[in-house]
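**Student:** This structure is in structure tokens; I'll ask about it shortly.
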Ligand SMILES: Nc1ncnc2c1ncn2[C@@H]1O[C@H](COP(=O)(O)OP(=O)(O)OP(=O)(O)O)[C@@H](O)[C@H]1O
Ligand SMILES: [Mg+2]
């Protein structure tokens with residue numbers, strides 16, 4: 001389309017008509033209406049909203065919160081350490097180590113976490129005691145508390161994922177970096193610690209953060225073996241007063257708080273290890 | 001004894017033999033330029049001198065020590081990676097693609113070896129590292145990260161990083177090949193002054209001008225074998241072998 005303006009006209013003060021976005025106004029209005037409708041439904045629902053804050057800070061709920069945090073952090077921390085070891089085995093020159101790593105990942109990633117938790121918790125049914133000959137021997141049902149079973153179930157499954165994440169991170173670092181480190185006389189361990197891992201972090205941190213957020217929520221599976229995490233805590237409270245939804249909402253609020261904090265933490269970690 | 005002595009060095013990757021029996025001597029303080037067509041095995045030989053590759057046959061000695069081995073009771077024992085790392089302290093290497101540590105500043109790159117490998121005190125190492133950066137003309141870039149430096153500046157930091165280990169020998173693998181033409185000079189200047197100061201150097205390069213003015217000896221490598229060696233004047237201006245003549249006709 002030819003312009004009806006000439007270059008000289010552009011020097012004058014012309015009225016500029018900004019582009020209109022009717023579609024945005026329409027979709028925005030629809031979204032706001034939907035939200036308003038949901039809010040109205042919540043207000044109309046037969047929920048004792050005024051009871052929720054009390055459950056939020058109920059001593060049993062707080063105990064469940066603490067247990068949830070301890071379980072999630074311990075399982076994720078253990079998974080990271082194990083994951084690094086398995087990833088190094090996966091990348092090692094030793095074929096036995098490589099095969100072991102592949103099998104480990106296949107097994108612990110392949111089974112549902114819930115199933116793994118149940119198997120650990122019921123281990124006493126098939127092994128009466130856990131022992132290393134001549135070193136120690138303990139009865140299985142003493143060691144395998146709900147916490148330990150949940151820790152193993154969640155942690156081992158996560159360690160298989162961490163192994164793959166760490167492996168991807170290590171492989172992402174240019175081979176020239178290792179050569180440069182070697183050329184100034186660095187040992188393999190120092191090279192890993194000072195050169196390769198810090199650079200692999202950029203690749204490792206984002207998926208690890210996502211997995212940790214999943215881990216926080218995954219701890220809820222420990223409720224099936226009566227470990228006192230948030231959901232089990234909520235059930236304990238509501239079994240006395242029958243305010244099931246109110247206690248579940250209080251637990252839900254705690255999950256959102258934890259997940260939000262974890263996301264903020266991940267943001268700062270990513271910035272600390274981000275590209276220069 | 002020469003600082004570097006290589007005898008009958010052979011190396012294969014799979015079924016292709018890349019080094020077919022290389023003999024070479026480098027005296028203390030000598031600068032040797034390795035020339036030759038692409039794929040001749042120049043990089044591979046350099047990497048063998050630093051034990052970044054293991055050799056299949058032959059032997060390389062650096063300062064009387066067999067590279068990659070420990071001699072004991074008349075036998076040679078292959079080194080573990082930890083022990084090989086110890087040997088590499090004495091040999092500096094500069095790579096075509098710089099390979100600076102991107103997560104550390106120029107100063108930290110230079111300090112990394114003395115602090116982490118030699119376990120020396122930071123304060124003392126810092127002063128030395130600053131002096132080395134000054135020497136390569138980058139004192140004011142001490143706090144810069146590699147990504148904030150030009151290719152020529154990165155390569156000069158890489159040279160300082162290698163020098164920080166006070167090596168007996170410096171290996172350069174096409175140190176200017178990844179640089180824009182206008183940045184080549186600043187790196188060659190640093191290498192020239194290093195040579196003047198008596199550093200023993202093996203330099204793989206396509207910079208014939210540098211070889212002519214700085215090298216004590218030029219070694220011409222084709223298909224994994226030395227075809228001609230001599231002073232720059234002999235090899236570059238009066239080549240005897242047809243392969244050398246062909247190659248020089250192309251690059252000059
Ligand atoms: N890690 C490796 N695996 C297999 N083949 C290799 C490896 N490294 C080098 N080669 C082969 O060995 C031969 C010599 O390579 P080298 O890099 O030493 O040559 P070069 O003389 O440095 O060549 P250029 O001038 O291109 O750098 C080439 O054919 C190359 O493909
Ligand atoms: Mg090469």
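Every residue gets a Cβ built from N, Cα and C, even glycine.
Quick caveat, the model's predicted, so the values are computed rather than measured.
Sharing the features that TrEMBL gives for it:
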type	residues	note
TRANSMEM	A:25-43	transmembrane segment
TRANSMEM	A:64-89	transmembrane segment
DOMAIN	A:65-266	domain 'ABC transmembrane type-1'
TRANSMEM	A:101-126	transmembrane segment
TRANSMEM	A:138-156	transmembrane segment
TRANSMEM	A:248-269	transmembrane segment
**Student:** May I ask you to check whether the transmembrane segment (A:138-156) and the transmembrane segment (A:25-43) make contact, with contact taken as at least three Cβ pairs under 8 Å and only pairs 6 or more apart in sequence counted?
**Tutor:** no
**Student:** Of the listed stretches (A:25-43, A:64-89, A:101-126), which one yields the highest count of Cβ-Cβ distances below 8 Å with the transmembrane segment (A:248-269)?
**Tutor:** A:64-89
**Student:** Residues of the same chain, at least six outside the transmembrane segment (A:101-126), with any C-beta under 8 angstroms of its C-beta?
**Tutor:** 86-87, 89-90, 92, 139-141, 144, 146, 148-150, 152-154, 156-157, 159-161, 163-164, 218, 221-222, 224-225
